[in-house]
Amino acid sequence: ENISDFSLNITDCTQVVVPEEVFFTVAAAGILENLLILIAVARNKNLHLPMYFFICSLAISDMLGSLYKTLENIFIILCKMGYLTRHGDFEKKLDDAMDSMFILSLLGSIFSLLVIAADRYITIFYALRYHNIMTLRRALVILAIIWTFCAGSSIAIALFSYEAATVIPFTILFPLMMFFILCLYVHMFLLARSHAKKIASLPTSTVHQRTNMKGAITLTIFLGVFLCCWAPFVLHILLARFCPHNPYCACYMSIFHVNGTLIMCNAIINPMIFAFRSPELRSTFKKMFYCSR
C-alpha cells in the first residue's frame, strides 16, 4: 500500500482497481472447478494413475492461489471496516501466513508442471517401461518430496521476504524452471517428430504416438496459460523490491489488481482444459452430474 501511495506522486498512471465482487466470483469459481477435479479423480478408480495424481497436485496449487486472493481481500475489507489494523502483531502474522500460501501456490504450480512434463516425456519415449519407471508408489513419494520442499521454502521466504538474498533466488527460480520445462518440451517434440517418421509404417504405433503427442500438446497449453497468468505478478514482485521509486516501475505496479486477477483466472482455465481434452475426465464429470440429478 505504501508503494501504491508513493507511486501516485511520481507517475500519472491511474491505479486500476478490480471490484471486490469480481475477485470473489473468480476465486470461488477457481476453487470449485479444481475441487471437481479432485473429486472426479478420487471417485473414478480408473484415474488412480500417476499422471492424474500429478494433475491433482496442480489443481491443489490452483486452489491455494484462489484461496490466497480470497483471504487477502477479506483481510483488506476488515481493515477498511476497522476490525483489523494494518500494523498489529496479529495482522503481521496473518499477512505472513497469506504470503506463505501465495508462495506455496506458485512453487507448487511450478513443480507440478515440471513433474507432469517429466511424466509425459517418460510416457512418450519409454512407453514400454513406463509402468516400471513411474509406479504409483514412486509418484506419491515424488509428490510428498515436492510439497514438503515447497512448504518449507514458502515459510522461509515469507519470514525473510524483506531480505534481498531471499527475494532474488525466489524470482530467479521462476524463469529458470520455466526455461527447463520449455527445453524439455522442445526436446520432446523434436524426438517425437523423428520417431513418428520412423514408425509411419506401423498403424498401431502411429495411433499410440498421436495419443501421446495430444497429451504433450495439452501440457504445452497448460504451460502457456501458466506463464501468461503468473509472469506479470512475478514481475510485479521484482519491480516492487528493486525499483519501487522508478516512475516506469510504479506505472506498471498500478495494475497490481489485474495481475492478481490473472492468477485466479489460471485456476479457472486449467480445469476447463482438463475437462475438454481428457475423455476420461469428461466421462467422470458426466457421471457425477447425472448422479447428482
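Glycine too: its Cβ is placed from the backbone N, Cα and C atoms.
Copied from TrEMBL, the annotated features are:
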type: TRANSMEM; residues: 22-42; note: transmembrane segment
type: DOMAIN; residues: 33-274; note: domain 'G-protein coupled receptors family 1 profile'
type: TRANSMEM; residues: 49-68; note: transmembrane segment
type: TRANSMEM; residues: 102-128; note: transmembrane segment
type: TRANSMEM; residues: 140-162; note: transmembrane segment
type: TRANSMEM; residues: 168-192; note: transmembrane segment
type: TRANSMEM; residues: 213-235; note: transmembrane segment
type: TRANSMEM; residues: 255-276; note: transmembrane segment
Considering only Cβ pairs within less than 8 angstroms, which of the stretches 22-42, 49-68, 140-162, 168-192, 255-276 has the most against the transmembrane segment (102-128)? 49-68
With a Cβ cut-off under 8 Å, give me the same-chain residues at least six positions beyond the ends of the transmembrane segment (22-42) that come close to it. 48, 52-53, 55-56, 59-60, 62-63, 65-67, 69-70, 73, 260-261, 264-268, 270-272, 274, 281, 284-285, 288
